[in-house]
Structure formats: structure tokens, C-alpha cells
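What TrEMBL lists as transmembrane segment is 37-56, 68-86, 92-111, 132-150, 156-174, 216-238, 281-303, 315-336.
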Amino acid sequence: MAKVDEPQPHPPKEQLPNISYCITSPPPWPEAILLGFQHYLVMLGTTVIIPTSLVPQMGGGNEEKAKVIQTLLFVAGLNTLLQSLFGSRLPAVIGGSYTFVPTTISIILAGRFSDSSDPIERFKRIMRATQGALIVASTLQIVLGFSGLWRNVARFLSPLSVVPLVSLVGFGLYEFGFPGVAKCVEIGLPQLILIVFVSQYVPHVIKSGRNVFDRFAVLFSVVIVWIYAHLLTVGGAYNGTAPKTQTSCRTDRSGLIDAAPWIRVPYPFQWGAPSFDAGEAFAMMMASFVALVESTGAFISVSRYASATPMPPSILSRGIGWQGVAILVSGLFGTANGSSVSV
């Protein structure tokens with residue numbers, strides 16, 4: 001009886017131009033550490049902006065804000081490890097998502113929390129309600145992902161359908177970023193100009209052959225602009241200005257360094273036992289579905305940029321299932337926000 005040939009795996013796709021590393025050719029460890037730190041700085045903006053916006057509305061102060069940021073960073077690292085090891089196994093960062101912010105704000109504005117006179121107690125009650133909603137909402141992606149139901153949807157997705165999806169998700173972030181730039185134009189505008197200058201212009205002038213400037217543009221621009229902002233602060237440029245201007249522009253007004261302990265390991269249910277409300281859980285499930293669609297497009301984009309094999313629908317569905325686990329972990333730890341692929 002003739003031996004049946006075993007099916008051969010898909011060969012990796014051709015590496016895209018101007019991309020130095022792919023899933024089969026990782027960078028050396030020193031450069032990988034620097035690139036990882038730069039990616040941390042990129043996602044740090046999202047990680048800080050979300051709690052900075054939500055925690056004061058919940059009734060928390062600088063100490064609560066620092067703890068939520070620490071928890072969000074810890075959970076993002078944990079969920080990224082889970083996704084890289086057991087999920088899609090693609091180089092995708094799982095972090096906080098703006099998709100869940102409107103639903104969280106609706107919970108904050110719920111009338112059942114208005115009877116709390118103590119702001120810290122109100123913060124904890126809202127946080128526990130958000131945790132309960134996230135725990136329930138995580139079941140949507142867990143069921144669709146691990147049952148294979150999302151695999152049937154993913155079969156109809158093509159790169160052509162992913163391009164407008166990821167583009168619209170990226171453009172949607174402008175409404176969060178540019179108002180922050182406008183709060184302190186003398187720092188925000190130089191940051192934008194410098195990062196474009198370093199990443200797009202300098203590599204054509206200084207041709208080192210190692211792609212240092214375009215690859216580490218964020219590191220260069222953040223360090224330079226922070227030193228510039230600190231010199232303005234020390235030099236008294238903002239003395240006597242409005243409190244909002246000082247909060248946005250000075251380097252010593254965030255209150256996070258003073259409020260944050262040197263070493264703190266977040267743990268589940270650190271804010272207390274979650275509370276559950278059917279309406280809030282349903283609203284959070286709708287946000288979870290939107291994040292599911294966004295992450296589906298992001299997974300396909302990441303697989304192409306990483307020059308990976310064509311992403312099988314079953315692997316995509318498994319990645320969505322583990323993203324549901326990421327939302328569950330966010331609910332258990334209390335981040336006031338769900339998780340999705342960092343677009």
C-alpha cells in the first residue's frame with residue numbers, strides 16, 4: 001500500500017520591504033530589549049490616559065490613579081505573555097482599549113453611586129461594578145473564540161476588508177491624542193514635529209546602514225522633549241499660569257511619582273468583591289464585541305507584518321478566545337478597562 005504524503009505546512013510569506021525583522025528572524029537581545037522598551041513607551045500613553053480620564057470621575061485621587069496605572073501595566077504584560085505563548089502566538093501587545101471607555105463612563109454616571117459621600121468609597125463601588133461588567137463581558141469572546149464559532153466568520157475576512165478596519169481604528173485615536181496636544185501646544189507640537197523629523201528625514205541625511213533613527217525615533221523624541229519640558233518647568237516658564245496649564249505642561253504636577261509605592265504587585269479583587277448589574281454587563285458585552293472585531297483585523301495585520309504563514313481561521317479564533325481571558329483577567333484585577341490588541 002502506497003504511503004500517503006503528509007501535508008506540508010504553509011511556507012512563511014515574503015518579508016515586506018523596509019521591515020528588518022520578522023517572526024522567523026528576531027532581533028538580537030540588546031536591540032530587542034530597546035525595542036521592547038520603546039513599545040512600552042508607545043503603549044504607556046494609552047495606559048496613562050485612560051486612568052487619568054476615568055479615576056477622577058470615579059472619585060479617586062492620585063494614589064488610586066497610580067494604583068490603577070500599575071494594575072493596567074501589570075495586566076497588560078500578563079495578557080501579552082498569555083497571548084504570545086498560548087493564543088495566536090503573534091507579536092501582538094494586549095493592552096487597555098478605548099473601546100470600553102464610553103461604557104465605563106456610563107457606569108460612573110449611574111445614579112446608584114450618587115449616595116456615597118466619601119469619594120474613595122464611591123471610587124471602590126464603581127470599580128467593583130466595572131469589574132463585574134468586565135467579568136460577564138469576557139464570556140462573549142471566550143465562548144466565540146474557544147468554541148470555534150468565530151472561525152466561521154473569519155473565513156470570510158480578507159486583507160482587503162482588514163485595511164479599512166484597522167485604518168478607521170487608528171484614525172479614531174486622533175480624538176483622544178490631539179486634545180491632549182492642544183492642552184500644552186508648546187510641548188505637544190515640538191514632540192510631533194520631532195518624531196516626524198527623526199523618523200522620516202534624518203535617516204535620509206545620516207545613512208548609517210543600521211536604521212537607528214527611524215527604528216528608535218520614539219526613544220529619541222521622548223527623551224529630548226521631556227528634557228525640554230523639564231527645563232521650562234525648572235526655569236519658571238509656568239509660574240503664575242492657570243492650574244490646568246501647570247497640570248498639562250509641568251513635569252512635576254502629575255502626582256503619580258509621589259503617590260506610587262516603589263514596589264507593588266497587584267492582585268485579584270484588590271478593590272473588593274465585584275458587583276453585578278444586568279444592564280451594565282450587557283453594555284460591556286457590546287463593547288467587547290466591538291473590541292473583538294477590532295482585534296480580528298489587528299491580528300491579521302500583525303501576521304502579515306511579521307511575515308508569518310497565512311493565519312488559519314482556527315488560530316485566529318483561538319487568539320480571540322485568549323483575548324476573552326485577557327478581559328476576564330482585567331475584571332479580576334480591576335483595571336476599570338477591558339483589553340484588546342494594541343493597534
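Using the three backbone atoms N, Cα and C, a Cβ is placed for every residue, glycine included.
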For the transmembrane segment (68-86) and the transmembrane segment (315-336), check the count of CB pairs under 8 Å (sequence separation 6 or more) and say whether it reaches 3 or more.
yes
Within the same chain, the residues 6 or more beyond the ends of the transmembrane segment (37-56) and with Cβ under 8 Å of it are 64-65, 68-69, 72-73, 76, 93, 95-96, 98, 101, 104-105, 108, 123, 176-177, 180, 216, 218-219, 222, 336-337, 342
Residues from the same chain, set at least six apart from the ends of the transmembrane segment (92-111), whose C-beta lies under 8 A from its own:
39, 43, 46-47, 50, 53-54, 57-58, 72, 76, 79-80, 82-84, 126, 129-130, 133-134, 172-173, 176, 280, 283-284, 286-288, 290-291, 294, 298-299, 302, 319, 323, 326, 335-342
Surrounding residues of the transmembrane segment (156-174) on its own chain - C-beta under 8 Å, 6+ positions past either end:
98, 293-294, 296-298, 300-301, 304, 343
Below 8 angstroms Cβ to Cβ, which residues of this chain, lying six or more residues outside the transmembrane segment (216-238), approach it?
34-35, 37-38, 41-42, 186-187, 190-191, 194-195, 198-199, 245-246, 249-252
